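*Asks:* Please see the structure below; I have some questions.
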């Protein structure tokens with residue numbers, strides 16, 4: 001029985017109790033929201049990860065770390081170092097490998113990961129079709145379904161399934177005046193297959209069987225946005241919104257059949273459109289978890305897309321986005337290094353917490369209040385220990401040596417907190 005079915009029967013499982021303790025919400029709220037699809041437990045029930053990760057309404061905003069080889073750079077040891085960063089700073093990770101032995105790489109990543117691992121199965125199918133048949137669009141529907149099942153057996157906890165794009169939508173998007181017709185790698189692979197084979201989306205044609213597979217492993221379907229905008233000018237055009245409408249129908253079907261599901265979102269969009277993008281998605285899907293890439297509110301920020309997108313991500317989280325897919329300084333330019341993965345992850349940890357201050361209120365703000373209290377008292381060691389990156393904070397604090405006074409080297413003896421403490425004593429006398 002899947003966790004949705006347990007919840008619909010009124011059963012509060014051990015996992016629900018654990019989520020309740022972790023997220024500081026009542027077991028009954030956890031149960032009812034899982035039953036409605038508003039909270040998901042990202043896991044593969046046959047090969048669960050060490051860490052329990054809940055995503056959705058009333059729980060802390062989570063972040064996803066993308067890693068994986070490319071056709072240009074195959075360095076498995078580097079990717080395993082990225083797994084260590086993800087274990088430390090992330091909540092979920094996705095293996096997006098497209099180079100090397102994809103089965104071996106995926107299994108090594110799962111073996112070394114403490115957090116749930118996701119994939120985009122169309123990548124492997126498309127790449128193997130290239131190798132076997134000299135063309136990516138020559139795979140069969142059975143090839144696709146067998147790959148999904150193989151990855152579930154390996155322990156994959158969630159997969160991007162591009163089931164919302166239809167052949168008609170793909171053709172119209174490619175003929176459109178969009179600045180960039182398709183930027184989703186998996187979405188483009190599906191679109192190419194449909195056009196080459198003059199056939200409808202294989203995920204849609206085999207939707208019921210896919211639901212059966214995911215239900216068996218109680219894994220999560222992450223409905224991909226094949227037509228997400230890749231330029232701010234393309235945001236919320238007919239293609240993005242049409243796909244979201246198609247996706248919303250699939251969401252309701254999955255939940256009714258006991259399968260956990262979330263929806264992926266853009267992408268590039270102006271900052272003033274971020275909040276209502278989240279509200280539109282929640283309205284159309286009945287409030288299932290929203291998994292957003294950024295959003296990135298400008299197209300000109302590379303190699304600082306991790307900063308620019310964290311602005312959009314914080315706003316999206318404040319409006320109700322549930323899982324933030326990070327960007328790194330290498331976005332749009334290169335495969336990221338381990339250091340760039342860490343920089344992107346920290347930017348998104350900040351964005352998630354910024355959103356939670358609004359979304360969760362006092363529960364999230366306790367952390368900020370503790371840091372501010374220590375800072376006001378100039379209790380540097382205590383303050384630094386509570387920061388998002390204590391090691392780096394201490395390096396910066398001591399970069400000119402230990403301050404000669406109780407204040408830091410910026411204000412020195414003119415520190416307002418230091419003077420305020422003296423003034424407080426005087427006014428209280």
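A Cβ is built for glycine as well, from the same backbone N, Cα and C atoms used for every other residue.
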*Asks:* Since TrEMBL lists 66, 94, 123, 184, 185, 186, 225, 226, 227, 228, 264, 291 for substrate, which candidate among 162, 196, 306 does it give for that site as well?
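*Replies:* As annotated by TrEMBL, 66, 94, 123, 184, 185, 186, 225, 226, 227, 228, 264, 291 share the substrate site with 162, chosen from 162, 196, 306.
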*Asks:* Would you list, in sequence order, the binding-site residues among 332, 408, 411, 415 whose CA lies within 10 Å of the CA of residue 228 (substrate binding site)?
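*Replies:* Candidates kept after distance check: none.
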*Asks:* State, in Å as a whole number, the widest CA to CA span among the substrate-binding residues 66, 94, 123, 162, 184, 185, 186, 225, 226, 227, 228, 264, 291 given in the record.
*Replies:* 20
*Asks:* Distance check, please: Cα of residue 415 ([4Fe-4S] cluster binding site) against Cα of residue 332 (Zn(2+) binding site), rounded to an integer number of angstrom.
*Replies:* 42
*Asks:* Measuring Cα to Cα, how many angstrom lie between residue 291 (substrate binding site) and residue 268 (Zn(2+) binding site)?
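*Replies:* Residue 291 (substrate binding site) to residue 268 (Zn(2+) binding site), Cα-Cα distance: 14 Å.
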*Asks:* Any idea what the Cα distance is from residue 66 (substrate binding site) over to residue 268 (Zn(2+) binding site), rounded to a whole Å?
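*Replies:* One finds 18 Å between the Cα atoms of these residues.
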*Asks:* Counting across all protein chains shown, how many other Cβ atoms sit within 10 Å of the Cβ of residue 228 (substrate binding site)?
*Replies:* 26
*Asks:* If you count CB neighbours within 10 Å, which one among the binding-site residues 123, 291 has the smallest count?
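*Replies:* If we count Cβ atoms within 10 Å for the binding-site residues 123, 291, the smallest count is at 123.
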